[in-house]
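Some notes on the structure that comes next.
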Amino acid sequence: MGRQPCCDKENVKKGPWTVEEDRKLIQFMLMMNNEPCRWRALPKRAGLTRCGKSCRLRWKNYLRPDLKRGQFSEAEEELIIDLHSRLGNRWSKIATSLPGRTDNEIKNHWNTHIKKRLIKVGIDPVTHEPLRPSTGGIDKASSENTDGDRDASTNSNDESWDLSFQDDGDAGLSSAWDEEYYQEAVLVVDVEELDGLIDFGDGGVGEQNSDVSVDGGENSTALESYERPINVDGSRFNK
DNA sequence: AAGCCCCCCAACCGCCTCGGC
DNA sequence: CGCCGAGGCGGTTGGGGGGCT
């Protein structure tokens, strides 16, 4: 029989989100007090041509106002390792212990940084056991298995390498939250103007009728309760 | 200066779980 | 109890961009 697809793939936009799409989603979520009724119904009501799942991911992993973003602290990394040793790849569970971090973010950080570092210090990232108990240190084979990444090469002096994970040199604010960048890229949504954009009907916020739509016009003035930096060109926060 | 390589991470995909009926 | 729909989760992908040759 097969599962019904979550959306009509023919008429659904994919790929990176644009500023306008973000704006529409943010406005809609603000209107709903950050609690959408049904994700599958959201795109239509928010005026988006995205799959509901895609909207959910975008909001949860990127637009949510309580996200921390930026570099993981040493304490956070240690906590992730500890939780991973007990929970395994249950990223969402791990994420619940790291406020402001998403499961996707933690998963990416694990796969791109922590995993490699554990291997480098001779610890199996899956079992958290020493890779070679008798070698008492770096597993050469494993080190060579890290496909020659740049991180590894910068830390080849293993005398100074321990589980506290010395910084790779890019400490401090991530580029995404760099002050100067923030100044040019911050997206401001004027909550007070939402009434002018959205027809709530008589029910008010949270009780709007199905005709609700969002007009992503030029409504970027003062901010009352929401500020998220979004690249002005709609690109992501990459360095 | 140009081209190549490779890392990073946002986003997608498919399966799983849960709740309503 | 089984079915179905919706959200959640974890694995994977692929494009952007920085570093290297």
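Yeah, the Cβs are placed from backbone N, Cα and C, and that goes for glycine too.
Just so you know, TrEMBL annotations never went through curation; they're auto-generated.
Sequence annotations record features per position, and here TrEMBL assigns domain 'Myb-like' to A:9-63, A:64-114. Positions annotated as domain 'HTH myb-type' by TrEMBL: A:9-63, A:64-118. If you look up TrEMBL, you'll see A:125-165, A:198-223 marked as region 'Disordered'. Annotation comment: TrEMBL describes A:207-223 as compositional bias 'Polar residues'.
Sorting the domain 'Myb-like' (A:64-114) by DSSP state (H, G, I as helix; E, B as strand; all else coil) yields 32 helix, 0 strand, 19 coil. Each residue of the domain 'HTH myb-type' (A:9-63) gets a DSSP state, and the totals for helix, strand and coil are 33 helix, 0 strand, 22 coil.
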